Structures are given as structure tokens and as C-alpha cells.
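K.L.:
My questions will all concern the structure given below.
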Amino acid sequence: MFGFIHESIRQLVIRNYGEDTWTQVLERSGFESGKENIMNHYYSDTDTYVLVDSVSLVLKVTKDQVWEMYGGFLITYSMEIGWDELVRSMSPNLKGFLDNLDSLHYFIDHVVYKANLRGPSFRCEETPDGTLLLHYFTGRPGLYHIVKGVVKEVAKRVFDLDITLVVQGRTQRSVHMNNGERVEEHVVFLINNLSEPRRDSEGSEVSLLTSTNANFPTIVDDTLGISLDDFSKALPYHFVIDESCKLVQCGSELHNHIPNELLQPGTPILRIFEINRPQIPLDFENICNFINAVFVLQVKTSPLKKKHMDAMSQEELKQEMETLDEDATNELTQGHHLKLKGQMMLLASKKHIIYLCSPYVTSINELMQYGMRLTAMPLHDATRDLILLNQQRLSDVEVNLQLEANNEQLETMTRELELERQKTDSILKDMLPRRIAQQLLSGEHIEACEHEATVMFCDLPAFQQAIPQCSPKDIVNMLNEIFRKLDRIVVIRGVYKVETVSDSYMAVSGIPDYTPEHAENMCHVALGMMWEARSVIDPVSKTPFLLRIGIHSGTITAGVVGTVHPKYCLFGETVTLASQMESLGMAGKIQCSKWAYQKAMETGRFEFSPRGRIDVKQRGLTETYFLTRSLKKSIWEIIDHDRDINVNSIEGYEELETAIENAVTIKSALPRPDQRNSAACSIS
């Protein structure tokens, strides 16, 4: 169904029940907000039924009640958005309004929106007692409750009538159409007026329900006559049929679109035309039943193309076919079948019907497709004006469609941009401390400042020896495996990873948020890293990789450097000393400076072994210590893993020390790198 239906349902729910209720309807129906009511979009019937089912469930009313409520609101909403004058000008009474619903429906579908939708048909009958019988035909069974709502609201708002609408009968039948078989529902309503009779200024009763047939004198000049040729030129597209639906006469212009052999008296009309609307079998009785409907007939043949092809030689025809694409070839061989739109009128004899019509052409493009020009239509034919006016309307509709498409594209781009922004923010928060990243995203200026913190460097002493033994891909995989494990420990212990360069890893504790336990935290991180490195195998020694870690505590300067690629950098002697603690350390050992040792022991409890004095650049001989274990936390607490009571010791340090000692022993017994054969890199 057309998007206007969905939009009016949305308006109905929001106005009467609020935005929250409509949100519930969308959630239940599975529609994305903003995609459920695109005005010029055609939704499948299934989509519309799902939407109405959701409204019914959310409002706790039956679907029939929803449809009837919608029918009444449809009139209210349509009159609010600009259709008020048209609705009120259709007829002075309800019968005339209902008899013209077909033409109004056709105009909205085919002219205003150019949708070519499958709409219902209506026909009224007056009864002797002054009531109305409304016949409603539709290819969508079960929607007749909409009609009840529409008719009641029109009677009340337009004609100020209080009516009752009772279903007198409801039948369904299978109808064979050109596009296949479909089920058609026929519902008969009895309409009764409950309002007081109205009278005009002369005191005569005026019926707003049924039509009033006044008998006016007819002026006839018996000497006046019109020849068949004149009549055929005045109405160039008309035809007359008899009770057998056989052709009696036709207009002159039809010969330009239909072969002459078919336009002979006695030719069954079904050989010439197929009916598009109303969707009924094309016979005399059905035409009389739908005498008030708009009839759209389509020519079954296309003689213009046929004449063009017949006039060509076989060689010319073959050459033209070869130069055309598939669509153009189809157009040449099949042609455009002319459509006629007009009114069927039962003549006084009751034995003949005349079809008063015009070509159903609404744009210059269609006019050209039929090989026609404006001169093919009489000056009195309003179709000429319609084509010119509709040409401008089509331009406006095209602009509106483009605007809707642009708006939808803009919304999509906005959502995609938001996703990309979130990704960028996430990357920035990975590159910088979270608080610093948040300040940058908020547009705040980050001032460099001094902090008391603990810096750690670690590397893989055996890494350079492993490079010749591995492919580049294996080297990258090995580093990723190690750094992924180290990153996990850093995150668990609340320490900030500054950077990695080749096999070197740098982290800091106490920045940018100060904590008095910065040295204690960094010592725990170092122990956890030593443990995690055990699971990555050195391809040379076939033993676990041994880390070399150096830690130093002191004052450092930290700040954000760069704008395009911002980086959180650390400066000062503390960074230099921490780097030397690592470079002057030993594989499998965590070397701490005297200041890191003192800071760690202030808040934590650790076991250190003195290394003695080492010569540190710019500091001379400096006291250092090897960290062996924490007396406050077990390995399992540090790495946040459960202990296997059947395998592991309570603290875990025995396994760590044993693994390190074994790896050191094996590595020390290996020959120098230039004496070894190459080996493959393995990661466990």
C-alpha cells in the first residue's frame, strides 16, 4: 500500500495515544523509525497488515476496530492537509459523493501520485424507501471496515448527516483477469439517514442522502442533425457497443491505433480492448452495474509499430533490429498499447452503451510514446490541459522524491559518520590515557605537568637471535602473541602502556591519575609479565621466552605531543634511568633501582635480592635490586587466573622461578648464534 496510508496510521496513533505508543508499535512491527512512513514509497500489503496488527495489539482492540477507526481518521486527516475543498465540492449529496469515489480514487492513485495502485470500486443504488445500498468491490478481502469509517465521517463532516451503516451481504468470488486469478470481495451496505429532514427556502424537502431528480424541459430542434462523420470528429475516441458487447461505431482517431479490420461493426469489443479498471469482466451487465465508475481500457494491438515494420524490407528490418538494444527491440516489436479513460453511458434505448473517452495520457513523454501530438485531441478535451499541468507537477514530484532520497542518504551518512566518530574516539582512547583522551575530545587544552610515577621497560634479549630463524610473518605473530599477553596484565593492574618499539615495551604507573601505590602496582605488573611470557616459546632454545625488565621511580614530565597523531609522551631523567635499568639488567630478572625499591616497600610487601652497585650513565655507581616475589599477592591474583589445585603451588612463584632457571640453564649451554642451524618459529 502507498506510504500515505502508513503516515495517516502514524498520525492516528500519535494524536490519540501519544508518541510512546507509536514507538511501541514500531518495535513490535519491526519497522525502523523514519522508514515506516515514506510518503511516495509503495509498501507491500504484508507490511501494512503487520503494522495494523501491531496497532491492534498495542491498543488492545480488534483489527476491525482499528480499520474502522482509521477510515474515519483518513477523511479528517485528508481534509486537514489540503483535500477539504475537493471533498466538499464533489457532490451535494452522499449518493453523488459515493458514486464519484471511484473517479476520486483513480485521480489520486494515477494522476497525483502516478502510482497505478489497485484500488476498490463503489456503486450506489437508491431504494424505494429512501435508503441507499452501497456496493463495495475490492481485491483485498477484510478491509470493508475502512468503508464504514469513511462513509460515516463523510456523512457527518460534509453533509451533517447522522447515518447508520449495516452490512447487508458479503460474498467472495474468484475473478479471472488478464494478470491471473484473484479473489474479489463484494460487500453490500445499507445506509439509513437518522437526521431530521432538511428544507430549502421554498419549503421543499431536500435530501442530502440521495439525489433529487428535477424534471427540466428539454429544448430540441427537430431540424438539427449531426452526421456520423461530424460526430466521429467531435468525439474522435468514442465507440458504441450493443447488448452483445459488439462494436456498432467508433471515432476517427481510433484508426490510428487499431487495425482497420478490427474496427468493423460486429467485432466483439474483447478482441479490441482489455479492461484495466474497474477490474471486472467486460460484458454489458457488468458495465451497467459500474456505470458510474471510471473505465480504463487498453488497446490490445499497436498498429503504429506494425505499420512501420510492414513498410520495411526484410534486410532493413534486420539491420534496424541489430542496432537496437533489448528494451528498444521490445518497444519496436510490441509497441505501446494506447489506454483510454472515460465514462460508459447507457443510451435511451437501454440496448446500447457509448464510451465517451480520451487517451489516458498525462505527460509529454507518454504522448510521444504513443506517436501522438497535442493536436490529436480536440480543443475541448481537458486532457490537453492536464498534460501540460501534469508536466509541471511531475517536475515537482521528481524534486520531492530527490529531496526524500537526499534526506535518507543524509541520515545514512550521519549514522555512518557517528559510527566512524565512535571508532575514532575508541582509537584515541587506546592511544592516550582515557581521561586525557576524553579531555581532548571535549576540546580542552592539555597542559604538560610533572608527576611522581614509576616507569618500566622490558624487552626480549633473545629476540634478535630469533629473527634470522623465523619468517617475517612468524616474527610479527610472535610479537603480537607476547604483547597481547602483556597488555592484558597492564589493563588488569591499572597501569598505562606508553608504547612498544620492536621488542621493547614501555609502561608507567601513577600517570595521569596519581596513586601512592604506583611502584607497588608496577612490581606486580612485572611479575605478571614474567609469568605470561612463559607461554611463548623461543624458536632457538625451544624454551619459554625470558623478559628483561627494568623499573625506576621518580619525577617525570608528561604531556600530549602532536595534533594530527597525538601521543602521550614522558620526559625526564626517570625515563632514562628506567631504560638503563632494563638495558643493564639480565634475562629472566626484574631489576629495580634503589628509589623504585624504596617506593614499592612503602605500600607493598615484596621479596628483593640485592644485586649490588652497577655503573649507570650520568649517575655513576647505583644500588639496584632484583624483584623475586610479592608477599602480598600470589601469581594467580596478579594475572587474575584460577589456580589448578592439583598442579600449581599456592603462590605460584615456585613454578615461575623453576621455569626461569631452566630456561637460563638451557640458553647458556647453547652455541653462539653463528654456529646454529636455522629453526622454525613456534608459538604455543
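Positions of Cβ are set from backbone N, Cα and C atoms, glycine also.
Just lifted these from Swiss-Prot, have a look:
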- His105: heme binding site (BINDING)
- 396-432: coiled coil (COILED)
- 454-582: domain 'Guanylate cyclase' (DOMAIN)
- Asp459, Asp503: Mg(2+) binding site (BINDING)
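Tell me about the surroundings of these features in the structure.
P.N.:
Taking Cβ-Cβ distances under 8 Å and a sequence gap of 6 or more within the same chain, the neighbours of His105 (heme binding site) are Gly119, Pro120.
DSSP labels the residues of the domain 'Guanylate cyclase' (454-582) in these numbers: 56 helix, 39 strand, 34 coil.
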K.L.:
Sequence gap of 6 or more, C-beta under 8 Å: which same-chain residues meet both conditions with respect to Asp503 (Mg(2+) binding site)?
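P.N.:
Looking at Cβ-Cβ distances below 8 Å from Asp503 (Mg(2+) binding site), excluding near sequence neighbours, one finds Asp459, Leu460, Phe463, Gln464, Leu479.
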K.L.:
Specify the count of other C-beta atoms within 10 Å of the C-beta of Asp459 (Mg(2+) binding site).
P.N.:
22
